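Here is what TrEMBL says about this protein:
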type	residues	note
COMPBIAS	489-502	compositional bias 'Basic and acidic residues'
DOMAIN	47-200	domain 'Zinc transporter ZIP4 N-terminal'
DOMAIN	209-324	domain 'Zinc transporter ZIP4/12 EF-hand'
REGION	479-502	region 'Disordered'
SIGNAL	1-20	signal peptide
TRANSMEM	344-366	transmembrane segment
TRANSMEM	373-398	transmembrane segment
TRANSMEM	418-437	transmembrane segment
TRANSMEM	572-590	transmembrane segment
TRANSMEM	602-620	transmembrane segment
TRANSMEM	632-655	transmembrane segment
Amino acid sequence: MLSVRIMLLFCLALLGVSRAAPEDVYIKVVRLLSPGEEDLSETALHSFFNLLEKRVQCAGVSCEKCLSEESVGQLVSNYSSSSGLQVEGFFRLAAGCSLLLSSPSNTCTAITEGRWEQETRRFIHMLLDHSEHSLEELLHDIEEHYIPEHHNEHCLTLTDILKESEVTLPDGDHLHADPHADLHTVFGVLLYHVLLGDCITSHSLPAEDFFLDYIFHHFGPDHITVQDLDRLMGSLNLGQNKANDHEHDHSHEVHNEDMRLVQHDEEGLRQSRDEPRASNNSWDMFCFRAEELLKIYQMNSSGLDRDQFTRLSPALTQQLLSKACTETKPPTVVSDSLSTTERYVYATLANVVISLTAMFGIVVLLCTSCSSLFQLCIQFCISLAVGSLTGDALLHLLPMFLGIHVHSDGASEHAHDTTYIFKLLVLLGGIYFFYLMETIFSIITHKDKHAHHHEDDNEPHHCDHDKVLQMYQREKKSKLSTSQADLVDGEKKSFPDSEAAPRTREQRLLPYMITIGDGIHNFADGLAIGAAFSLSWRSGLATSLAVLCHELPHELGDFAVLLHCGMSVKKALLLNVGSALTSFIGLYIALSVSTGSGAKEWIAAVTAGLFLYVGLADMLPTMIHVDSKRPWVTFLLQNLGLLCGWAILLLLSLYEDKIGI
């Protein structure tokens, strides 16, 4: 009797082998929701619904709670809370919950209207028609509405779910003998992992052999010929760089090809990976042909099988990484260098504009009646000159003659490395910080020292442009008997004091000393402009801007000193024009000499020194010690001019290679 019972249990076990998976899934769910019990009780169902609702989202928000114990009866007709949910009822519920996961809003509407069973049957029939493709779409829909709890773990794919369900797709299109049972098992496994919060994805990865299968299917089923390998390397842009050393030394390498390959192998064994290798003594940048790769790997030229092609893959990868077979084309950068004619034309035009602007400022000085507004404009010009002079010297000329930023047919060796510009900006920031401190202290203590400074204003130094112009405006106002027409015609002197008292020897020589100094200064400016336009039109633009900004207040100050020394307006204008003509001499000397990069760099170094001296030693003290009735307005305009000058030169330094004409 005992033996018969054992045989019966053995037969039942054999019959249940193929259907063991559904029960295993059900047991896992029961252990997860209600440990220690055999069925899904009413309490377990509540936990089931709560977990499921946490895993579903609708358009970024939680879906309405539509699952309840009463809704289970739509799928499981014989369900009762006393008996719990059995195996068969669980898998029916799993199908409906899979529909809920794929389309929460529509399914909740169907549950509310009592159509859950009808929609679930339609859902199952749709999956049975195109099983594999439909299951992939199901996972895709679930992925859109599913909120996993574990994000960093391996995401389950359709392959993983089918494997765990012990379901196979032998012909790739249909489930096996009992499709409904298999599909319900898939639903159960899917629902179990959803309750666990596992990551699920519809993007499955191909098998390891996919890549080789694709390549051999494209070229040949069994082997790849040398011609096929040539085609493959051609599609990868390999083995076709005829412009480099390969063809250059081809005539010398044809007879020694085997020998050099052997020597390369020996050298490669001797070389350490940690030692730097000279590019001209290694094969790093050599472009190999298909025949050469076959010789290196000692393969038959008749064709490659899968194993041989796998051995050859590192060589193809190395060729791609080194870009040895990529033809290096010169960058299509717009050249900013000028022809000889363009240099002379543009430089002459810039110098003429600068000279005419200075003369126009003198005319405005003679005709203006609003002295306070004129002084504010002069302060802005002086500060703009300081910013442009120091900015051009430090941000543009200094990197150029030190070789940090080299112009070469529109390209730059360090076009993408702008670290030096920001370091030089810190240098300018230091100058600006101490200027702010000294100017603010000067404004605060100005009232205490006003009387003392007022006594010294009668004979200011001719380099102090602002005080010279202030003195000229005061004396012009105090001389009520002299009209503006008298000044233009030069019939009378602008300063009556010079007529009353005899002029000293110093006063007689001072106008000529000023004119000579101004001529030397303009000569240096011409050298700077000529050297800048010899480099590029961008350099010429930056230098011309710096010269223009400091030339206007400089010429106005010199003109005012000449008038103060007793010269007529006409003679003072002639001396200013004569000194301005020296800039053209320096301009054409620089244009004729600056043919080589060495001469350009030396002239740029001298120009940078000139700009720094004029900006910091000549014009910056004028800004700091200005005597103004509205010091804070003047201070604001000075800061505006400084920052504008630096900003313009900074933009030219950063984007000069991107500006084209």
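From the backbone N, Cα and C atoms, a Cβ is placed for every residue, glycine too.
In this chain, the transmembrane segment (572-590) lies close to the transmembrane segment (344-366): three or more C-beta pairs between them fall below 8 angstroms, excluding pairs fewer than 6 positions apart.
Same-chain neighbours of the transmembrane segment (632-655): 375-376, 379-392, 395-396, 399, 405, 418, 421, 425, 428, 432, 435, 439-440, 443, 538, 541-542, 545-546, 549, 623, 626, counting only residues six or more beyond its ends whose CB sits under 8 Å from a CB of the stretch. Using a Cβ-Cβ cut-off under 8 Å and counting only residues 6 or more beyond its ends in the same chain, the transmembrane segment (602-620) has close neighbours at 382, 385-386, 389-390, 392-394, 397-398, 400-401, 431, 435, 463, 465, 521, 524, 527-528, 530-532, 535, 543, 546, 550, 553, 590, 593-594.
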